Amino acid sequence: MPEIGVRNGAFGADKFGLQNLKAVYWNPGAPQLYEHALRSGEAMVNADGALCAETGIFTGRSPKDKFTVRDAATDKSVWWAGNQSMTPDQFAALYSDFLAHARNMTLFAQDLYGGADPNFRIKTRVFTELAWHSLFIRTLLRRPETSELAAFVPELTVIDLPSFRADPQRHGVRSENVVAIDFTRRIILIGGSHYAGEMKKSIFTTLNYYLPDQDVLPMHCSANVGPGGDSAIFFGLSGTGKTTLSADPGRTLIGDDEHGWSKDGIFNFEGGCYAKCIRLSREAEPEIYAASKRFGAVLENVVHDEVTRVPDFNDGSKTENTRSAYPLEFIPNASLTGCAGQPKNLVMLAADAFGVLPPIARLTPAQAMYHFLSGYTAKVAGTERDLGNEPQPEFSACFGSPFLPRHPGVYGNMLRALIAKHNVDCWLVNTGWTGGKYGTGRRMPIKVTRALLGAALDGSLRGVPFHDDRYFGFAVPTSVPGVEPHILDPIRTWADKIEFDRTARALIGMFRQNFTKFENDVDAEVREAAPGTMMAAE
């Protein structure tokens, strides 16, 4: 079979059982992949030069269709309460059927790195059925120099075949769609879905499994670094402002989504960004807007004018989860090394729709571990389907529960130790509501959030007075230059103090109920960091 492109000839497609293929294109760049995608009709080019594709019925990840092989090695190491298992025999049958399905196909192969730090990166080979998927993953991971490809030996292999259909009875899965990960054999199989994000997040899941054994904490976070080399980490679930707040013109962006924290500092796992682009505008997010409107960007499910091919980022008729993938170098102030020193600040973002968390609070290491394991934000009507008028809490362990192969306590203990070792200042920032909950209060002004965050990152908050929040126990500043004092204490912003008390106590109960599953895995200091502990002692 023809194999075209620069590669390690000793580790070709046949090494992975991929035989009788029509052709394999090795490490093609964007121009070649555009040509293949257009020739096959799998994508189109818009008026800005971006490559645009639709993903059909799957416009997001399908976590219920993700499975991990349970064998002698993973039986004790994987967190089975949060991961679905399949047997080695079921995976073997699935792998065999993948290889059979690939016969007579043209595949695209990319040799890439998962991780910017040469000491901890994982050499990753990705075979894709679709050219636009190949461009996507080439954009999202880190690309080796051409001179490195001839000796590239993969440590992780991904086979991505959207046209494959799984057999639930034969393969032990839920539907025809499947993501199967074998940590022992270091293979990922993805079938049935055209949604390219499945590749990105399944590779992230494997990094979350392998890196703790090398004393590296994998994190679902964004990160940036100041002019003085002071790096900062931003945790937060969707809608909390993680991407927006880490994109600070006065600081260099390290990455927007996945990072590792090692003895040497922090590093990006990726070489690109995967931004939500629903209602994207030049005014609100100029850098992401510009990056999404040029050759080399990949747009998923973005609606275009049929004649002019001009994108309409405001149109969510296909999905609210429209996406733009682009190389990190498309962002003017991005770090191309993807590495920085030890962080000085760690920020946990929560869009508290109950309106009872302060706009900023300082956390002890034990409180930081508690809130890291909790991973709190809140959903409201208008941003999620099937929600009523009341906010709904969302707790996702380590701010990334779907991607945790190990018990959350593994990552929590690593975080706590790193915070203590490097004397990191930890902050909880509420980007949600103030003056009342969703429906009666107002969204926290972004100007206030930026001012408080700036004061935290530049060290200004170290010189201001703090008081202990009666409800949640963390330290809250009583005055910050440039910020109205009353907004710092949430109860002062509510007209109805009795309703504030009721709402705060209700949220405390939600935190405590969620944390019951971790109580036996943490020490007394972390348990006592729970919201409401001070009130109980009164």
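Each Cβ is built from the backbone N, Cα and C atoms, and glycine gets one as well.
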Suppose a student reads Swiss-Prot and sees Tyr195, Lys201, Arg323 listed for substrate. Which of Arg61, Arg450, Arg462, Arg470 should they find annotated at that same site? Arg61
Select one of His194, His220: the residue that Swiss-Prot places in the ATP site alongside Lys201, Gly236, Leu237, Ser238, Gly239, Thr240, Gly241, Lys242, Thr243, Thr244, Glu285, Arg323, Thr449. His220
If you count Cβ atoms within 10 Å of the Cβ of Ser238 (ATP binding site), leaving out that atom itself, what do you get? 15
Can you check which residues sit near Thr240 (ATP binding site), meaning Cβ under 8 Å from its Cβ, same chain, 6 or more apart in sequence, and list them in order? Leu349, Ala350, Ala351, Thr377, Thr431
If the substrate site is taken as the center of the Cβ atoms of Arg61, Tyr195, Lys201, Arg323, which further residues of that chain fall within 8 Å of it by their Cβ? Gly60, Ala196, Gly197, Glu198, Lys200, Tyr274, Asn321
Rounded Cα distance, in Å, between His220 (Mn(2+) binding site) and Tyr195 (substrate binding site) is 20
Collapsed DSSP category at Lys201 (substrate binding site): helix
Under a three-state reading of DSSP, tell me whether Tyr195 (substrate binding site) is helix, strand or coil. coil
